[in-house]
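Beneath this line is the structure, given in structure tokens, with notes to follow.
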Amino acid sequence: MSLKEKTQSLFANAFGYPATHTIQAPGRVNLIGEHTDYNDGFVLPCAIDYQTVISCAPRDDRKVRVMAADYENQLDEFSLDAPIIAHENYQWANYVRGVVKHLQLRNNSFGGVDMVISGNVPQGAGLSSSASLEVAVGTVLQQLYHLPLDGAQIALNGQEAENQFVGCNCGIMDQLISALGKKDHALLIDCRSLGTKAVSMPKGVAVVIINSNFKRTLVGSEYNTRREQCETGARFFQQPALRDVTIEEFNAVAHELDPIVAKRVRHILTENARTVEAASALEQGDLKRMGELMAESHASMRDDFEITVPQIDTLVEIVKAVIGDKGGVRMTGGGFGGCIVALIPEELVPAVQQAVAEQYEAKTGIKETFYVCKPSQGAGQC
């Protein structure tokens, strides 16, 4: 049964009438451009065919009822006329409440709604299950009540809800790609202007995501340290962000910087340049160049930004040994575990899967999870 059928059937059973709309919003993977978002730089993600799906209908009162199919059909109810505060027990409900509250704060007027939510974006893998939920809820209200919001505004509202209501610091990339993704394309995003450019993906290329299943422990504290180091670097150059520093300016004075800060800055500057070049390489179908850029990105994350772990490096090496120069592979996400992403000709996927199955667990003692994805459409009716 599809997520659409599942949520529609649960909706009718729970609420006693049929849903009027079914909305989906996808998860995402970032192909290249790591830790560049909060430096006002460039990222190149694509939406994937794992998504959050919501069957819904408007109500003629001010009540919101939400059922979470993936959490034993837990039900949350709240009123649009009372202050919306955090739910004490259901963490999932706070993503919904936060999005609704922030839409209200933006002076959108809408009535009550019934929703049933289900999703298959793997949680905790760094594939943006939370952003896809936020964008799905925003799209539900926009569609049901014809709110004058575009995808970028729905994305910004979701980011605001996550930062301020849920209390988790995140950039804008995850929500933006979920809202604006385009089938068979990646999206080059300028994280300063929020400008986007759709970049066509070469035919016959699979987007493979492999979760190392290495439990991330350092990610929060180390992420904040990296942000501070980047801000220190920007201050040294008297610029608002590292986006505004050229590699030539950096090379001329690198020796004056604290050696660790210098390494962090070098990663951001070179990664921004790689990301812009990667968009051109993809568009021209130059998988060889894309592979080189992804390899450089991984080496930079490993040696200059120091956010990889041995398990991730091992996974990357296993995949690279199979694909050679026919594709690319690198760590994706915040670091210290999580996933790698590979762009691979479809005919090589079985060989990659076999090599990883035979070698990764033997070398690390951890079993990986393997996903083959297609670049997918952003949020909308399904």
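Numbering starts at 1 and runs along the chain as it is shown here.
From the backbone N, Cα and C atoms, a Cβ is placed for every residue, glycine too.
Feature list (source: Swiss-Prot):
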- Arg28: site 'Transition state stabilizer' (SITE)
- Glu34, His35, Thr36, Asp37, Tyr223: substrate binding site (BINDING)
- Gly124, Ala125, Gly126, Leu127, Ser128, Ser129, Ser130: ATP binding site (BINDING)
- Ser130, Glu162: Mg(2+) binding site (BINDING)
- Asp174: active site, proton acceptor (ACT_SITE)
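Positions of the features from Swiss-Prot, shown on the structure.
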residue	record	Cβ neighbours (10 Å)
Arg28	site 'Transition state stabilizer'	31
Glu34	substrate binding site	25
Thr36	substrate binding site	28
Asp37	substrate binding site	21
Gly124	ATP binding site	12
Ala125	ATP binding site	22
Leu127	ATP binding site	27
Ser128	ATP binding site	29
Glu162	Mg(2+) binding site	24
Asp174	active site, proton acceptor	28
Neighbour count (Cβ, 10 Å) for Ser129 (ATP binding site): 23
Euclidean distance between Cα atoms of Glu34 (substrate binding site) and Ala125 (ATP binding site), Å: 16
Pairwise CA distance, Asp37 (substrate binding site) versus Leu127 (ATP binding site), rounded so that it is a whole Å: 16
Integer Å distance between the CA atoms belonging to Ser130 (ATP binding site) and His35 (substrate binding site): 19
Arg28, Thr36, Leu127, Ser128 filtered to the recorded positions whose C-alpha is within 10 Å of Asp174 (active site, proton acceptor): Arg28, Leu127, Ser128
Within 10 angstroms of Leu127 (ATP binding site), Cα basis - binding-site residues out of Glu34, Thr36, Glu162: none
Local backbone state of Arg28 (site 'Transition state stabilizer'), from DSSP in three classes: strand
